[in-house]
């Protein structure tokens with residue numbers, strides 16, 4: 001017999017191996033992927049599964065919800081199914097109103113007016129149930145109806161016909177053999193509350209009698225009561241009413257303390273006088289004040305006249321040949337500016353009434369009143385920026401080109417020696433005047449009015465070609481340390 005021929009070996013499949021089938025016919029779990037590889041599962045029924053989830057939520061009746069175990073069949077303790085017993089009788093649930101069944105809470109209407117608060121609140125007193133403070137002399141005050149929040153001890157005797165017993169859990173209850181009932185409420189609390197009930201109150205007494213320590217009302221005040229029993233006060237002096245007790249006013253209390261502590265001094269008897277003398281004597285204080293006021297006004301007038309005299313002397317010292325009438329008036333107006341501020345804008349005899357309003361306006365603006373304002377003086381535009389004698393301009397002409405003032409041809413012969421002499425004629429106090437800046441150039445004669453057209457030819461003759469050549473000046477080669485130009 002020939003040996004059986006072996007079948008040729010099958011080549012290894014190139015694709016993934018099919019899942020093995022178990023003997024039961026169910027596919028086995030796929031093998032684990034090798035390390036570093038991920039397996040992505042693609043399911044075609046994902047949309048169907050999502051719809052099923054939404055349907056289970058939207059339509060719970062039609063959804064196949066698995067049956068849960070009933071609560072009774074679960075292993076829960078017995079206390080889970082028993083409701084808690086009422087704890088109104090226990091210490092944890094005790095309230096202040098333990099005798100709610102016997103006595104209902106009674107709230108007394110409190111007075112909304114401040115008049116119910118008497119001065120007895122400051123002094124030792126007690127607080128009644130109605131909220132009114134009464135003094136020591138008042139009737140016995142009623143205590144609060146609040147009950148104790150703790151259990152009454154067992155040694156306190158019970159009322160007749162009552163008996164206390166305890167349940168199996170140790171809770172106390174009470175037996176009433178009179179009517180054969182049981183209750184959780186302690187009858188001893190009702191007894192204590194009945195003892196605290198005040199006696200029937202007497203008819204309403206006016207609060208003035210109730211609090212005798214408050215003292216009498218101030219002069220001109222009266223106490224009254226409305227139909228509801230609320231107290232108010234009438235002030236006959238100014239014919240007003242108020243809820244507030246005037247005796248509670250701190251000003252009245254202070255005055256009352258002062259009058260009580262300080263001894264009362266009788267006024268000295270007045271000497272017999274005639275009817276006219278009596279009227280004058282009554283207003284002596286007013287007369288003294290008027291006399292002092294008149295003295296102050298007279299002193300102020302004397303100072304004003306003295307100041308005017310000083311200014312007139314200063315005007316007389318000015319040379320009449322160089323100071324004409326309009327400029328004297330200008331100086332007088334300048335000198336009167338401080339006086340106008342002190343006197344409230346009253347013009348002096350030197351100035352006219354028509355000028356006072358404009359001077360007052362210019363003074364309040366805190367500027368020079370003679371700069372481009374009014375018809376009294378107008379400063380012309382200056383073209384000699386470096387040669388003006390005004391204190392408002394800054395000379396910028398180099399000193400090298402103005403060696404001496406004599407070289408300028410101004411057309412008018414001006415002596416250099418006359419300028420210092422004229423400046424020396426002005427008093428020094430003119431420079432110290434507040435709010436003014438006396439321009440000496442405006443106070444000189446007409447000879448000092450140097451026109452710019454006459455000054456320009458002399459400047460053009462003195463200027464060199466280098467200073468007029470801007471390009472050569474701005475060149476870097478022309479600038480050195482010895483240059484007369486200073487760049488800022």
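Residue positions begin at 1 at the first shown residue.
Just so it is clear, glycine is given a Cβ too, placed from its N, Cα and C backbone atoms.
In the predicted model, residues of the coiled coil (71-85) average a pLDDT of 82. Annotated coiled coil per Swiss-Prot: 71-85 (among others), in sequence order, evidence recorded as similarity to another entry.
Per Swiss-Prot, coiled coil is recorded for 283-344 (among others).
The compositional bias 'Pro residues' annotation in Swiss-Prot covers 1-21.
What Swiss-Prot records for 348-376 (among others) is compositional bias 'Polar residues'.
Per Swiss-Prot, compositional bias 'Polar residues' is recorded for 384-393 (among others).
Annotation source Swiss-Prot lists domain 'WW 1' at 156-189, citing sequence analysis.
The feature domain 'WW 2' is assigned by Swiss-Prot to 215-248. Helix first, then strand, then coil: DSSP counts for the domain 'WW 2' (215-248) stand at 3 helix, 13 strand, 18 coil.
DSSP classifies residue 48 (phosphothreonine) as helix under the three-state reduction. Counting only same-chain residues at least 6 apart in sequence, none has a Cβ under 8 Å from the Cβ of residue 48 (phosphothreonine). Sequence annotations record features per position, and here Swiss-Prot assigns phosphothreonine to 48 (among others) based on similarity to another entry.
Residue environment of residue 75 (N6-lactoyllysine) contains 5 other Cβ atoms, counted within 10 Å of its Cβ in all protein chains. Annotation source Swiss-Prot lists N6-lactoyllysine at 75.
Marked as phosphoserine by Swiss-Prot on the basis of similarity to another entry: 90 (among others).
Taken from Swiss-Prot, the feature phosphoserine covers 94 (among others).
Under the heading phosphothreonine, Swiss-Prot lists 95 (among others), citing similarity to another entry as support.
Look at Swiss-Prot and you will find 104 (among others) tagged as phosphothreonine, backed by similarity to another entry.
Here Swiss-Prot flags 123 (among others) as phosphoserine.
Residues or ranges marked as phosphoserine by Swiss-Prot on the basis of a large-scale study or a structure entry: 356 (among others).
Per Swiss-Prot, the feature phosphoserine maps to 366 (among others).
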